[in-house]
Amino acid sequence: MEGNQTWITDITLLGFQVGPALAILLCGLFSVFYTLTLLGNGVIFGIICLDSKLHTPMYFFLSHLAIIDMSYASNNVPKMLANLMNQKRTISFVPCIMQTFLYLAFAVTECLILVVMSYDRYVAICHPFQYTVIMSWRVCTILVLTSWSCGFALSLVHEILLLRLPFCGPRDVNHLFCEILSVLKLACADTWVNQVVIFATCVFVLVGPLSLILVSYMHILGAILKIQTKEGRIKAFSTCSSHLCVVGLFFGIAMVVYMVPDSNQREEQEKMLSLFHSVFNPMLNPLIYSLRNAQLKGALHRALQRKRSMRTVYGLCL
């Protein structure tokens, strides 16, 4: 059997095995979550772009995280919503492979962006006097471009290894969308090489970055405890705790899905964890950052004040 043969033309995403009434309820609920994801991240991105006081490295990285979260959710959620309302639940092979590629690309990029954000916090708190030199705009741009490039390059490697396999037999994917581990189960050949490369990638983008983040936050915690003023400690801790919440949610779920040995009993658990990754995590990120960030709340307040002023001026002109 040749490795470049692909015989199936479409794939069935089993998704949620629920009745029509519950499917409509879930579709409505996830539609609200998806709308909140786009709205929350869109507002954060817009405020950062429009408010000059937020043109700093920390918010530059946060704007890219918002872009990733919107893209991540948009890659997975619309098809999942369509499948809830459609009993057929099929997806063509090429769109499925594209969804797998983008899912991996955005996930890896987010891992690396979160590492960059932790490094930014480390420099800001532990080396405040050298911050503007170390975190220059040139360095920030290079870090962001490297994160995006590595994310898409690693995803491309996995897609090339995936497409060399023959897909000639089963067509049912027990998942909410096309995800690489689930799609690999459809292959009619040994997937050992793919599994090894996936595990190696997990070590590179999950274990390694998480270790760097934890080490950086150990130094950050030591520096925060040395801050003399109570206000300074609270401000530094609130900024870092927001990032730690996001890191804990993202890396914790990803490591359970991709690094815990697979079994048939875990398929439903992985489905729920992937749902959290695709729907809840991107929705919660802007909420976590905005609730604990005085500068973001201040920028939003200024934007609303400007809008009210413009309405007043427009009303007077009329």
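Glycine is no exception: its Cβ is also placed from the backbone N, Cα and C atoms.
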Would you say whether Swiss-Prot puts Pro20 on the same side of the membrane as Ala223?
no
Kindly point out the range from 272-291, 292-311 that Swiss-Prot annotates with transmembrane segment.
272-291
Per DSSP, what is the residue count of the topological domain 'Cytoplasmic' (120-138) in each of helix, strand and coil?
16 helix, 0 strand, 3 coil
When you scan the chain for residues with a C-beta under 8 Å from the transmembrane segment (25-48), skipping those not six or more beyond its ends, what do you find?
16, 18, 54-55, 59-60, 62-63, 66-67, 69-70, 73-74, 77-78, 80-81, 84-85, 279-280, 282-283, 285-287, 289-290, 296, 299-300, 303
